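Pulled from Swiss-Prot:
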SIGNAL    1-20  signal peptide
DOMAIN    30-209  domain 'Eph LBD'
DOMAIN    328-438  domain 'Fibronectin type-III 1'
DOMAIN    439-536  domain 'Fibronectin type-III 2'
TRANSMEM  548-569  transmembrane segment
MOD_RES   Tyr595  phosphotyrosine
MOD_RES   Tyr601  phosphotyrosine
DOMAIN    620-881  domain 'Protein kinase'
BINDING   Ile626, Gly627, Val628, Gly629, Glu630, Phe631, Gly632, Glu633, Val634, Lys652  ATP binding site
MOD_RES   Tyr778  phosphotyrosine
DOMAIN    911-975  domain 'SAM'
MOD_RES   Tyr928  phosphotyrosine
Amino acid sequence: MAGIVHGILFCGLFGLCWAVTGSRIYPASEVTLLDSRSVQGELGWIASPLEGGWEEVSIMDEKNTPIRTYQVCNVMESSQNNWLRTDWIPRSGAQRVYVEIKFTLRDCNSLPGVMGTCKETFNLYYYESNNDKERFIRETQYVKIDTIAADESFTQVDIGDRIMKLNTEVRDVGPLSKKGFYLAFQDVGACIALVSVRVFYKKCPLTVRNLAQFPDTITGSDTSSLVEVRGSCVDNSEEKDVPKMYCGADGEWLVPIGNCLCNAGFEEHNGGCQACKVGYYKALSTDAACSKCPPHSYALREGSTSCTCDRGYFRADTDPASMPCTRPPSAPQNLISNVNETSVNLEWSPPQNSGGRPDVSYNLVCKRCGSDLTRCRPCGSGVHYSPQQNGLKTTKVSITDLQAHTNYTFEVWSINGVSKQNPGQDQAVSVTVTTNQAAPSTVTQIQPKDITRHSVSLTWPEPERPNGVILEYEVKYYEKDQNERTYRIVKTTSRSADIKGLNPLTAYVFHVRARTAAGYGEFSGPFEFTTNTVPSPMIGEGASPTVLLVSVAGSIVLVVILIAAFVISRRRSKYSKAKQEADEEKHLNQGVKTYVDPFTYEDPNQAVREFAKEIDASCIKIEKVIGVGEFGEVCSGRLKVPGKREIYVAIKTLKAGYTDKQRRDFLSEASIMGQFDHPNIIHLEGVVTKCKPVMIITEYMENGSLDAFLRKNDGRFTVIQLVGILRGIGSGMKYLSDMSYVHRDLAARNILVNSNLVCKVSDFGMSRVLEDDPEAAYTTRGGKIPIRWTAPEAIAYRKFTSASDVWSYGIVMWEVMSYGERPYWDMSNQDVIKAIEEGYRLPPPMDCPIALHQLMLDCWQKERSDRPKFGQIVSMLDKLIRNPNSLKRTGLDNSSRTNTTLLDPSSPEWSQVASVLDWLQAIKMERYKDNFTAAGYTSLEAVVHVNQDDLTRIGISSPSHQNKILSSVQGMRTQMQQIQGRMVPV
């Protein structure tokens with residue numbers, strides 16, 4: 001390497017001037033062991049021979065600092081062997097060192113007469129030794145490193161042009177093992193000057209990588225070796241993965257592995273970890289920076305791992321440090337109670353302040369209190385809560401199995417994740433209620449006191465929960481083989497009864513139920529006893545044979561009469577109990593509350609005063625209009641009677657400009673409702689008659705009418721749930737029937753549903769005008785008859801009875817099982833009447849159990865005496881609920897039917913459709929045209945054979961769409977059969 005360097009000139013042996021640069025800054029990866037230019041004074045290296053060989057010469061650098069060099073130029077003589085040895089150089093742990101030589105060399109061709117003796121190379125040697133005081137050069141001990149040749153040599157011309165050509169050569173030496181070594185330079189006849197000699201080794205310098213510190217590390221013994229080095233985490237940090245790096249032979253760090261993370265309370269800054277500032281925190285050892293304290297918390301010192309919550313705020317054990325501090329919620333709002341006999345429904349609104357947390361739930365505390373509302377104690381385990389008592393996520397709960405005529409205090413607590421850290425009464429709201437009188441619980445045991453040939457004396461204990469004063473007991477009994485088809489009832493005010501007139505040696509089944517002012521409880525389970533064969537002393541021992549003969553003959557005649565009566569009874573109806581039933585009905589009405597028609601009062605206002613409670617209009621707050629009724633608007637609102645909790649109510653208003661007759665008809669419904677008290681009958685809260693508008697106040701039913709509710713929730717309920725709905729409606733109708741009240745307008749639209757899915761019979765205005773009802777026709781008593789729901793005898797002869805209500809109940813069953821479908825679809829009223837007269841009945845809805853459709857058909861018996869009573873309907877539904885397997889069989893078993901089902905009017909006329917697409921468009925199912933085409937249903941003849949499995953297979957999965965398509969298919973199939981003369985109604 002040659003260059004022009006400006007500096008101090010040195011004129012040497014050859015008349016050549018060098019410009020030499022001063023001290024250099026070397027890379028951090030190089031550690032110098034010897035640098036001839038940095039030595040102050042003479043180098044004092046050993047030369048051999050001492051004279052005539054290497055000669056030490058001083059030059060000045062640009063800073064006038066002397067630099068010692070060695071030169072030799074014995075080119076005129078042959079066989080030169082001039083050695084120059086450095087002082088002992090300590091190895092300092094290095095296994096491989098590097099020798100950097102800067103020198104100049106004279107071109108032999110530029111010297112005359114030296115062609116045979118002038119050389120242009122020299123040799124470099126080293127010798128390892130632990131002795132730093134060796135005085136002599138023993139050539140045989142030295143190991144040759146290399147022969148050094150110049151890249152550029154200078155000539156006489158260069159001297160004249162003041163150009164110096166400086167060469168730099170670097171050689172590595174190793175591996176070394178002893179404490180130190182000597183370097184030696186052998187001249188064999190060259191004209192050479194050693195400007196500088198530098199010996200160094202390489203290291204990987206101290207560094208910090210990934211928060212791990214790696215120390216100075218000497219490179220390996222081989223030029224390709226890598227030295228593995230484990231780092232140590234910097235202060236205030238910890239290992240995540242073991243930090244490692246490799247030191248390469250060139251002094252570079254390679255392949256960083258692993259890392260350290262700043263401890264909690266510290267963050268990375270300039271390769272180190274510094275403490276979080278005041279107001280900041282870091283909870284974990286991560287690579288994240290410190291975070292500002294979340295809301296409602298603070299940190300007063302540096303290096304905080306968490307923030308302290310403000311006064312009144314807390315952090316749950318499971319809350320992360322990044323979550324704001326929160327506080328317990330405020331109390332629930334707007335707690336409303338609704339007492340239903342011995343059950344209470346509670347509803348409330350969420351707390352105004354959730355405490356800043358999303359995990360608000362509710363706990364319920366139940367206390368039973370004395371008459372003065374003191375000495376309260378926990379309700380105990382006998383009370384049941386639905387869905388649960390604690391951890392409620394909803395804002396409503398039902399409490400059942402309470403005691404009648406008892407004061408209860410219910411506390412609803414708002415709870416969140418920090419409530420335990422600061423419980424307080426301000427998180428709860430309470431309400432005190434008094435339960436009503438309820439029907440008694442079931443009699444659990446019946447014991448025979450005396451059994452004879454023709455009688456049984458029974459006794460039983462009082463029900464466990466009488467829920468009031470027991471007014472009487474009712475004993476139902478029947479012969480075991482009659483299976484409750486024909487039964488008798490005996491009533492008594494004591495807990496015993498003598499049942500007489502029984503057949504000898506016959507098994508009888510007995511049931512007992514109790515009655516309070518709230519009504520009858522459930523019948524007990526069956527208890528079976530058999531009369532014995534011991535004859536009763538009816539004939540004295542001294543009776544004459546004639547008397548005995550007459551007695552026997554009379555007995556035989558009596559048996560024949562009873563058998564004949566039984567056969568006739570069976571022929572009349574499978575449900576009717578013939579004359580006995582009529583007698584029983586008269587007997588049942590004795591001592592039972594009976595409905596009073598308000599229209600029989602000379603002064604209709606007297607009926608209102610007697611059966612409805614007057615409410616001050618100031619207690620009522622109307623919130624919004626939810627519908628329009630016959631006489632005015634129907635609104636929702638709130639009722640707050642002094643001393644009681646505020647409740648939601650429905651409010652019917654009488655429009656302005658009414659006549660006296662309209663007012664009387666409007667309030668007559670309140671006079672009717674006020675006589676009823678049953679969980680499945682809409683409850684009248686009261687009336688407002690002393691100011692305008694006149695209002696009727698009833699309980700509020702959140703889910704509205706049953707038909708709309710079912711259509712909105714199509715397919716969402718199980719069969720058991722639907723049967724439960726029917727059972728509730730049937731129970732309410734049984735109550736009305738027992739009170740001798742005929743509803744006349746029983747339909748799903750007149751059944752209301754509350755938030756707990758309890759269905760209640762409403763709309764007791766059939767005896768008034770119904771001219772605004774689109775379902776009505778045929779005026780009766782100023783009103784109209786809803787043809788589709790009304791029994792044929794009521795349509796033809798205006799004969800409304802409980803039996804006609806049973807017919808309507810069968811239609812309601814069909815509405816429920818079809819999820820609110822319109823009975824008889826789009827048929828006209830006249831077509832409906834004609835079809836019923838011809839014996840047609842509605843087909844079973846999709847997936848309707850056979851047992852339920854059979855009950856519908858029983859309700860639609862032409863002879864009203866053949867229809868079941870509501871008590872029998874409720875009993876049958878109870879049996880179905882207790883035996884769910886009986887509800888699994890669906891479909892229509894035509895062999896067991898006496899009536900042919902109706903056509904489905906949703907099916908287009910067979911003659912009016914020419915293709916599958918026409919048919920699908922007619923029933924508004926054209927979206928499935930590609931499904932039918934892809935499956936090969938290209939003709940109507942093929943479509944009429946499709947079934948539910950086929951629809952599922954071709955990709956039609958919606959139950960309601962399957963129902964609609966299959967109903968239309970059934971209708972088309974029936975039309976085809978009619979056209980072919982094969983369908984004849986029975």
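Yeah, the Cβs are placed from backbone N, Cα and C, and that goes for glycine too.
Feature map: annotations from Swiss-Prot on the structure.
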residue: Tyr595; record: phosphotyrosine; contacts (Cβ under 8 Å, 6+ apart): Ile672, Gln675, Leu736, Met739, Ser740, Tyr741
residue: Tyr601; record: phosphotyrosine; contacts (Cβ under 8 Å, 6+ apart): Ala607
residue: Ile626; record: ATP binding site; contacts (Cβ under 8 Å, 6+ apart): Val634, Cys635, Ser636, Ala650
residue: Val628; record: ATP binding site; contacts (Cβ under 8 Å, 6+ apart): Val634
residue: Gly632; record: ATP binding site; contacts (Cβ under 8 Å, 6+ apart): Lys652, Thr653, Leu654, Lys655, Pro693
residue: Tyr928; record: phosphotyrosine; contacts (Cβ under 8 Å, 6+ apart): Leu920, Ile954, Gly955, Ile956, His961, Ile965
Maximum Cβ pairs under 8 Å to the domain 'Protein kinase' (620-881) - stretch from the list 328-438, 439-536, 911-975: 328-438
DSSP state at Tyr928 (phosphotyrosine), helix/strand/coil: helix
Neighbouring C-beta atoms (10 Å sphere around the C-beta of Val634 (ATP binding site)): 17
Residues close to ATP site centre defined by Ile626, Gly627, Val628, Gly629, Glu630, Phe631, Gly632, Glu633, Val634, Lys652, Cβ within 8 Å: Cys635, Thr653
Maximal Cα-Cα distance (Å) across residues annotated as binding ATP, namely Ile626, Gly627, Val628, Gly629, Glu630, Phe631, Gly632, Glu633, Val634, Lys652: 14
Model confidence over the domain 'Eph LBD' (30-209), averaged pLDDT: 87
DSSP-derived class (H/G/I helix, E/B strand, else coil) of Val628 (ATP binding site): strand
CB contacts for Glu630 (ATP binding site) [other CB atoms within 10 A, all chains]: 19
Secondary structure tally of the domain 'Fibronectin type-III 1' (328-438) (DSSP, helix then strand then coil): 6 helix, 51 strand, 54 coil
Helix, strand and coil totals (DSSP H, G, I; E, B; other) for the domain 'Fibronectin type-III 2' (439-536): 3 helix, 42 strand, 53 coil
DSSP-derived class (H/G/I helix, E/B strand, else coil) of Tyr595 (phosphotyrosine): coil
The domain 'SAM' (911-975) - residue tally per DSSP class, helix then strand then coil: 45 helix, 0 strand, 20 coil
